[in-house]
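A.B. asks: Sharing a structure here in structure tokens format.
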Amino acid sequence: MNSRKDKNSKGKNSDTKRKKSSQENDKAVVLLSGGLDSTTCLYQALADGKKIQALSFDYGQKHKIELSYAKKITRQLGISHTIQKLKPELFLGSSLTQKSLRVPKNSLGKEEIPNTYVPGRNILFLSFAVCLAEGTGSNSIYIGVNAMDYSGYPDCRPEFIKTYETAIQLGTKKGNQGSPIKIVTPLQNLSKKEIVLLGNRLQVPFHLTFSCYDPKNRKACGKCDACLLRKKGFQETGVSEK
């Protein structure tokens, strides 16, 4: 009799664990800036059937206007959205955060890492995302990094993402218990043209995204790398931004 009860108890525990694991697999943290890439990434996570916690950062960036677009998108979708405020003093040496440094214009395609690179930004952003993912029982983090039509940032490369994912597995409770947090990079190997086409298929409201490093009076400058790449993507596809 006891043996039968033990078997039933083990069966129930196993079912409970499977149900919990399934629920965790349905949850994801999405890093959302409000730009074209991160918003397309958000819609890909939705298409993957994920229950999403969006995470954005206010770190004193010149293009903070993107956050207002992130708010619009998450409100429209009814998605939980956290904006984490960080001190600008943490991000020195970048033209995206320092008024004394000018954002490069019409310089797309140059080999060197541009001064729009923000030291340690993706490392820090992913660390916050890991905290949120583990705390909410999420098994994946979506980030819209891109290594094709990109500005040369080292923290957007596949090697960085792979290495960071290994660090997460080694340094978290979930990773040590055999339920590692995965970093999902759906745009990693896509050109800007392909990202626009993907966004179009996913029905991303492009008019609710903003891509500019140096906006003036809430309008895109049209000359920075972010503006030029966005323009290139839409021109090559013929897809409308509106």
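Backbone N, Cα and C define each Cβ position, glycine as well.
Pulled these from Swiss-Prot:
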| type | residues | note |
| --- | --- | --- |
| REGION | 1-25 | region 'Disordered' |
| BINDING | Leu32, Ser33, Gly34, Gly35, Leu36, Asp37, Ser38, Thr39, Thr40, Cys41, Leu42 | ATP binding site |
| BINDING | Cys212, Cys221, Cys224, Cys227 | Zn(2+) binding site |
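Just tell me what is around each of these and how deep it sits.
C.D. replies: Long-range neighbours of Leu32 (ATP binding site) (same chain, six or more residues apart, CB within less than 8 Å of its CB): Ser38, Thr39, Cys41, Leu42, Ala54, Leu55, Ser56, Ala70, Ile73, Thr74, His81. The secondary structure of Leu32 (ATP binding site), as reduced to three states from DSSP, is coil rather than helix or strand.
Under 8 Å, Cβ to Cβ, and six or more positions away along its own chain, Cys224 (Zn(2+) binding site) finds Val103, Pro104, Lys105, Thr116, Cys212, Tyr213, Asp214.
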A.B. asks: Same chain, not part of Leu32, Ser33, Gly34, Gly35, Leu36, Asp37, Ser38, Thr39, Thr40, Cys41, Leu42: whose C-beta falls within 8 angstroms of the C-beta centre of the ATP site? Give them in sequence order.
C.D. replies: Ala70, Gly144, Thr209
A.B. asks: Taking the centroid of the Cβ atoms of Cys212, Cys221, Cys224, Cys227 as the Zn(2+) site, which other residues of that chain lie with their Cβ within 8 Å of it, listed in sequence order?
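C.D. replies: Near the Zn(2+) site, beyond Cys212, Cys221, Cys224, Cys227, sit Val103, Lys105, Ser211, Tyr213, Asp214, Pro215, Ala220, Gly222, Lys223, Asp225, Ala226, Leu228.
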A.B. asks: Roughly how many Å lie between the Cα atoms of Thr40 (ATP binding site) and Cys221 (Zn(2+) binding site), rounded to a whole value?
C.D. replies: 22
